[in-house]
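Undergrad: Next up is a structure, given as structure tokens.
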Amino acid sequence: MAAALRLAMAVTCALVLASACQGLQVGYYKKTCPRVEHIIRAEVKKFVYKNAGIGAGLIRLLFHDCFVQGCDGSVLLDPTPANPEPEKLSPPNFPSLRGFEVIDAAKDAVEKACPDTVSCADIVAFAARDAAYFLSRLRVKIDMPAGRLDGRVSNASEALDFLQPPVFNITELVGSFAAKGLGVEDMVVLSGAHTVGRSHCSSFVPDRLAGVPSDINAGFANVLRRRCPADPTPADDPTVNQDFVTPNAFDNQYYKNVLAHKVLFTSDAALLGSPETAKMVKDNAYIPGWWEDRFKEAFVKMSRVEVKTGKQGEIRKNCRVVNHGHPHNKHY
């Protein structure tokens, strides 16, 4: 196990050096759209203060964007006759991914202020950053770099290839993050985002509650059995909080839940599957401020994964569709 972790770390270093994250910078729109971050934050605040779950959705939206085609807004693209199955319709994303209406509202407000200037990919990154800020009661303040362009490719099959299913073990998780240039600690720290949000019963019941041996706390399992059908179907698939203790707070409670065996997914419990990651879980659970500081760094690192620059992308006028004959297709 230790050898596998070391190998993943070595792969990570090589990938990070080769990654296309040049060009992103904090304050990227300082001259071209100076109020953009204020505009987006105001939109996010409106939605998150009405419904904390939308904030959790926005954080998840950035994860799911970045792991497929890089952080390029590809997860936002709607189906079209030419592309009937984009990422957003893939099982890891549909129907559970949320927050698209916030991105639309932010894009509309930004277009009014600075037409054809700010990419949808950057709006997703700023919105996720702001959601973490509000849900953490203003404790997680992230300096988010910008300068991403919007991609034109979005395939449902790639979401299945690159997004981690909830049944992954520790080796699979480490490998999946290493493939995107993210290290073992990044994986453990970013998993802490499961401290907010809800999950459909179908995401964990078959694997964790269906009579198979599981390390899940017995009392917690009974609570889940009362809230979930034994055999969830699309017509009967309720949601439950991922963190039953502080469900709407972006905090380190998740790690305490992992240690107490009160987490929903095999992939959550898997963090205790190696001595290295188990120690990270304990540090995040018990050292004040430890997780928040590391989350800021890991979140920015993730936001740089495989970004599109130069001729690789465009600045979409509408986040849900690629541009057609729009001036910004000069990026072609």
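Cβ coordinates come from backbone N, Cα and C, glycine included.
TrEMBL labels come from automatic prediction, so no person has curated them.
TrEMBL feature annotations, pasted as is:
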SIGNAL    1-23  signal peptide
DOMAIN    23-323  domain 'Plant heme peroxidase family profile'
DISULFID  Cys33-Cys114  disulfide bond
SITE      Arg60  site 'Transition state stabilizer'
BINDING   Asp65, Val68, Gly70, Asp72, Ser74, Glu87  Ca(2+) 1 binding site
DISULFID  Cys66-Cys71  disulfide bond
DISULFID  Cys120-Cys319  disulfide bond
BINDING   His194  heme b binding site
BINDING   Thr195, Asp243, Thr246, Asp251  Ca(2+) 2 binding site
DISULFID  Cys201-Cys228  disulfide bond
Undergrad: Which residues, sitting 6 or more apart from Asp65 (Ca(2+) 1 binding site) on the same chain, put a CB under 8 Å from its CB?
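TA: Long-range Cβ contacts: Cys71, Asp72, Gly73, Ser74, Val75, Leu76, Ala121, Val124.
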Undergrad: If you count Cβ atoms within 10 Å of the Cβ of Cys228 (disulfide bond), leaving out that atom itself, what do you get?
TA: 21
Undergrad: Expressed to the nearest Å, what is the distance separating Cys33 (disulfide bond) and Cys120 (disulfide bond) at their Cα atoms?
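TA: Just about 14 Å between their Cα atoms.
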Undergrad: Going by a 10 angstroms cut-off between Cβ atoms, which of the binding-site residues Ser74, Thr195, Thr246 has the sparsest surroundings?
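TA: Result for the binding-site residues Ser74, Thr195, Thr246: minimum number of other Cβ atoms within 10 Å at Thr246.
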Undergrad: Looking at the recorded positions listed here (Val68, Gly70, His194, Cys228), whose Cα lies nearest to that of Thr246 (Ca(2+) 2 binding site)?
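TA: Considering only the listed recorded positions, the nearest one is His194.
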Undergrad: For Cys319 (disulfide bond) and Arg60 (site 'Transition state stabilizer'), determine the Cα separation and express it in whole Å.
TA: 17
Undergrad: Across all protein chains in the structure, which of the disulfide-bonded residues Cys33, Cys71, Cys201 has the highest Cβ count within 10 Å?
TA: Cys71
Undergrad: Compute the mean position of the Cβ atoms of Thr195, Asp243, Thr246, Asp251, which form the recorded Ca(2+) 2 site, and then list in sequence order the other residues of that chain whose Cβ is within 8 Å of it.
TA: Val196, Val245, Pro247, Asn248, Ala249, Phe250, Asn252, Gln253, Tyr254, Asn257
Undergrad: Nearest by CA distance to Cys228 (disulfide bond): which of the binding-site residues is it, out of Gly70, Asp243, Asp251?
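TA: Comparing Cα positions, the candidate nearest Cys228 (disulfide bond) turns out to be Asp243.
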Undergrad: At the level of the C-alpha atoms, what whole-angstrom distance separates Arg60 (site 'Transition state stabilizer') and Cys66 (disulfide bond)?
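TA: Cα-Cα distance, Arg60 (site 'Transition state stabilizer') to Cys66 (disulfide bond): 10 Å.
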Undergrad: Given the recorded Ca(2+) 1 site (Asp65, Val68, Gly70, Asp72, Ser74, Glu87), which additional residues of the same chain have their Cβ within 8 Å of the Cβ centre, ordered by sequence?
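TA: Apart from Asp65, Val68, Gly70, Asp72, Ser74, Glu87, the close residues are His64, Cys66, Phe67, Gln69, Cys71, Gly73, Val75, Gly151, Ser154.
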Undergrad: Write down the Cα-Cα distance for the residue listed as 'heme b binding site' and Asp243 (Ca(2+) 2 binding site), rounded and given in Å.
TA: 7
Undergrad: Nearest by CA distance to Gly70 (Ca(2+) 1 binding site): which of the recorded positions is it, out of Cys114, Cys120, His194, Thr195, Asp251?
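TA: Of the recorded positions Cys114, Cys120, His194, Thr195, Asp251, Cys120 has its Cα closest to that of Gly70 (Ca(2+) 1 binding site).
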Undergrad: Where Thr195 (Ca(2+) 2 binding site) and Val68 (Ca(2+) 1 binding site) are concerned, what is their Cα separation in Å, rounded?
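TA: That comes out at 23 Å between the alpha carbons.
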Undergrad: Sequence gap of 6 or more, Cβ distance under 8 Å: name the residues on the same chain that satisfy this around the residue listed as 'heme b binding site', in order along the sequence.
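TA: Gln242, Asp243, Tyr254, Val263, Leu264, Phe265, Asp268 - these are the non-local Cβ neighbours of the residue listed as 'heme b binding site', listed in sequence order.
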